Amino acid sequence: MGNCAKRPWRRGPKDPLQWLGSPPRGSCPSPSSSPKEQGDPAPGVQGYSVLNSLVGPACIFLRPSIAATQLDRELRPEEIEELQVAFQEFDRDRDGYIGCRELGACMRTLGYMPTEMELIEISQQISGGKVDFEDFVELMGPKLLAETADMIGVRELRDAFREFDTNGDGRISVGELRAALKALLGERLSQREVDEILQDVDLNGDGLVDFEEFVRMMSR
């Protein structure tokens, strides 16, 4: 596939929101929302909705009117670096490749939410079941250009994750989740509701939320 140095990708500027400041715009719910205020959502939706609203400041929105005029500019060095950071986040064995299974989550950290069909089609085009960084840039370049809203950057997601992971062990425990929710929502959530939120987000059932589960939660 092509060389990113020879064919730099382009996309529009980003406008980050302030941490827990003014009400978020676009698709991110207000931090003041609670499950009780949203009726009786389907199982699994409530936890994602509450945590997603709390991490609303991690959402980065592209202004469509500006993006439309910026599609022809070259991708800046810091934007190439952002791709590198996202890639390295999921290159766990540091061999310079990420597998098809990690590719979807990696794409989500950059704000692109691939469908299952898209992931299947991509996996069929990947030789050897894995991609290197050059292939990743080749793949994500056009998608980053096409995105005009709801962009979530890996650095912002990592910063938001650290707000919950207070002991820095790379996982969010029940206690850490309870403390974060209490600090942000006061006493509006019961112990049972906190446990239900953790259960909804904890995909592998180990009682903890790791960064990949956190990314998937933010993609819902």
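The backbone N, Cα and C atoms fix where each Cβ goes, and this holds for glycine too.
Worth saying up front: this structure is predicted, and the values here are computed from it rather than measured.
If you check Swiss-Prot, you get these features:
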LIPID     GLY2  N-myristoyl glycine
DOMAIN    78-113  domain 'EF-hand 1'
BINDING   ASP91, ASP93, ASP95, TYR97, GLU102  Ca(2+) 1 binding site
DOMAIN    189-220  domain 'EF-hand 4'
BINDING   ASP202, ASN204, ASP206, GLU213  Ca(2+) 3 binding site
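On the structure: features taken from Swiss-Prot.
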| residue | record | DSSP (3 states) |
| --- | --- | --- |
| ASP91 | Ca(2+) 1 binding site | coil |
| TYR97 | Ca(2+) 1 binding site | strand |
| GLU102 | Ca(2+) 1 binding site | helix |
| ASP202 | Ca(2+) 3 binding site | coil |
| GLU213 | Ca(2+) 3 binding site | helix |
Cβ neighbour count (within 10 Å, all chains shown) around ASP93 (Ca(2+) 1 binding site): 8
Shell of the Ca(2+) 1 site beyond ASP91, ASP93, ASP95, TYR97, GLU102, same chain only (C-beta within 8 angstroms of their C-beta centre): PHE90, ARG92, ARG94, GLY96, ILE98, GLY99, LYS130
Of ASP91, ASP95, TYR97, GLU102, i.e. the binding-site residues, those within 10 Å of ASP202 (Ca(2+) 3 binding site) when Cα atoms are compared: none
Euclidean distance between Cα atoms of GLU213 (Ca(2+) 3 binding site) and GLU102 (Ca(2+) 1 binding site), Å: 12
ASP91 (Ca(2+) 1 binding site) as reference: those binding-site residues from ASN204, ASP206, GLU213 with C-alpha within 10 Å of it: none
Between ASP206 (Ca(2+) 3 binding site) and ASP93 (Ca(2+) 1 binding site): CA-CA distance (Å): 22
Rounded Cα separation (Å) that holds between ASP206 (Ca(2+) 3 binding site) and TYR97 (Ca(2+) 1 binding site): 27
Packing count at TYR97 (Ca(2+) 1 binding site) (other Cβ atoms within 10 Å of its Cβ): 18
